[in-house]
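What TrEMBL says about this protein:
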COMPBIAS  357-368  compositional bias 'Basic and acidic residues'
DOMAIN    159-287  domain 'TFIID subunit TAF5 NTD2'
REGION    100-134  region 'Disordered'
REGION    334-388  region 'Disordered'
REPEAT    416-457  repeat 'WD'
REPEAT    489-524  repeat 'WD'
REPEAT    531-562  repeat 'WD'
REPEAT    573-614  repeat 'WD'
REPEAT    615-648  repeat 'WD'
REPEAT    657-689  repeat 'WD'
Amino acid sequence: DRQTLVAVLQFLRRSNLRESEEILRREARLLGDDLGGAALSPASAGLLVGSGSDVDSGEALLGRGTSAAAVAIGGSVATVATSSPGVAAVAAVPPGKGEARGHCGVDASSPGRGGARVPGFRRGAGTRESVSGHVPESAVVVEDQPDVSAVLSAYNQQGDPTLYEEYYSGLKHFIECSLDCHRAELSQLFYPLFVHMYLELVYNQHESEAKSFFERFHGDQECYYQDDLRVLSSLTKKEHMKGNETMLDFRTSKFVLRISRDSYQLLKRHLQEKQNNQIWNIVQEHLYIDIFDGMPRSKQQIDAMVGSLAGEAKREANKAKVFFGLLKEPEFDVPLDDEDEEGENEEGKPKKKKPKKDNVGSKSKKQDPNAPPQNRIPLPELKDSDKLDKVMNMKEAARRVRLGPECLPSICFYTFLNAYQGLTAVDITDDSSMIVGGFADSTVRVWSVTPKKLRSVKTAADLSLIDKESDDVLERIMDEKTASELKILYGHSGPVYGTSFSPDRNYLLSCSEDGTVRLWSLQTFTCLVGYKGHNYPVWDTQFSPYGYYFVSGGHDRVARLWATDHYQPLRIFAGHLADVTCTRFHPNSNYIATGSADRTIRLWDVLNGNCVRIFTGHKGPIHSLAFSPNGRFLATGATDGRVLLWDIGHGLMVGELKGHTDTIYALRFSRDGEILASGSMDNTVRLWDAVKAFEDLETDDFTTATGHINLPENSQDLLLGTYMTKSTPVVHLHFTRRNLLLAAGAYSSQ
């Protein structure tokens, strides 16, 4: 493809895009001034110098979601497509014929949304600022936010509607007859091509052809796309497409396929020989093919990773460095009773215990090499009461039971009986003294689960009579007359979907269908603030393990980071293609994990709001997340009844736990991370051996680079126990400081 490359370089020089030219030269190792002498082959000249028909394809390119600048030079058109995160890619627009489209490669390493279509050159990070700053003034720049009609207009370039079935079945026949090693990889094309071809027919008002196309091929798609296909089958007219969000997502976000170079070459050759422009156009326009060098992946390896709304994650998406280590504990004198105990952070997630007992009272002074800098994000100062709580925590932890396959935890189940209000959320304080339930009748109910009753602070008039110097002033300010086991908090105007206690037990968060998150005082049992930022139901909220910050996620597809003393969010994490259904802070509070109905999990950096990990593999909406106490791993549960385990540092799936038969709503690691407990709508709690699941991980460079994951075949070896309830779905799990497992749910009589 040297000729093509030279043509592109000449174009860049004519347009005074010197910087881009330099970078492209470096990438292609074309040094020296050898542009002038090189003659253009007709095919590569065709890429740049064309007739008026190019203008149409240029406009079609502009109509897509990426913002693009078209520069017309004497009849030829080239576009400079800048993908949304400010990543620039240069694309030469090929003529309408399939012949020259053959020269178009698909970029193998582009981080942006629109891959660069410059043949044969791989783009590293070097081109990030190459073009975006130097678009000529005459250029037309299209808005970044995809307008509905602009997105759909990409479907204007249509082929003969009667041939669509023939095109698709031809490709299907080719893939099914290809070698086994390529067949699994190329089969990934079936679903995105099926959807795009169907929508193209509908958009161009070939309704009967669309119907027959759908009926003939929808049965061939993988079972985990059934729900999406149900939505698709209801779109039978052009008008239906305008307001359908799922459909719009499919248009604007390129469907990502990870395919080995050999399989890709095979596909490209087939489509060129067959002159199958229609399918090749869709591959070019709507798919993002992430090509890797090496062995093709097996069916099992692919099945483990696919299934999300927009295909797999690009490998680029999981390359950023993540500081997954724990922060060093503040040092203060601890009157320890017996054995050595290492510090814990505020949510009571311990660092890994080492079985050494000699240096009594001293804590680990070593900084975790993978930990973020201590001051990377501002964390609240420790108050005296927090220090006192830490001391209590350490004393409790000294009496903690060491769990393992031979020593399983006892489980104490809190069943909500007669919960006619409909239990929708549960949380338990870190010291296991209070439990809160959020209900569908918009109330929040707080119970004390110790003999100590819940009391409010006295009224202002009574407080003024108290001797503030006395030792037991904290007792005296409490009003005994208000003591009760249960407090009901009124304020929301819709079902309460998420609740979270602050680490210091002074505050409680609740989020609701009414679009607000409320902060309640546990001293006065009144609402202090209503945070309004989401316009739709808020599905989950959680306090940071250090207090002060909290996160919320909702139907508007974004998660928001808040601080208790700001009435507007500090960060907005946008990127999911469907509702954000659950949110969790990393133990070091520098990262937030979000699970979504788009069947992906994302990890966000609190410092700058960037998405640093995208995990795909679940076949249904995610409903539970749990970080391991050492911060290295993440467990996720979804409606598909599978628990998936992820290595955060390498950005890889490292395990799959099968056993549940329904949605998993609760996941929790024991205090030292030896056991993972999962609770599900199938009325069971299951315990898994986390130590065994994470040992001997194969995270070599090749696996990390290509995603050839090797999951252990039998997850039953890791299952330590299954505990049935009579008829109570499990909605929350919590390990006490001594490793007793608490579970909660509402008894359902059906």
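Keep in mind that glycine also has a Cβ here, set from the backbone N, Cα and C atoms.
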Segment proximity, the repeat 'WD' (657-689) to the repeat 'WD' (615-648), 3 or more C-beta pairs under 8 Å: yes
Spatial neighbours of the repeat 'WD' (489-524) far in sequence, C-beta under 8 Å, 6+ residues away: 346-347, 383, 385-386, 389, 422, 424-431, 433-434, 436-446, 454, 456-457, 530-543, 545-547, 550, 552, 554, 562, 564
Looking only at the repeat 'WD' (531-562), what is the model's average confidence as pLDDT? 94
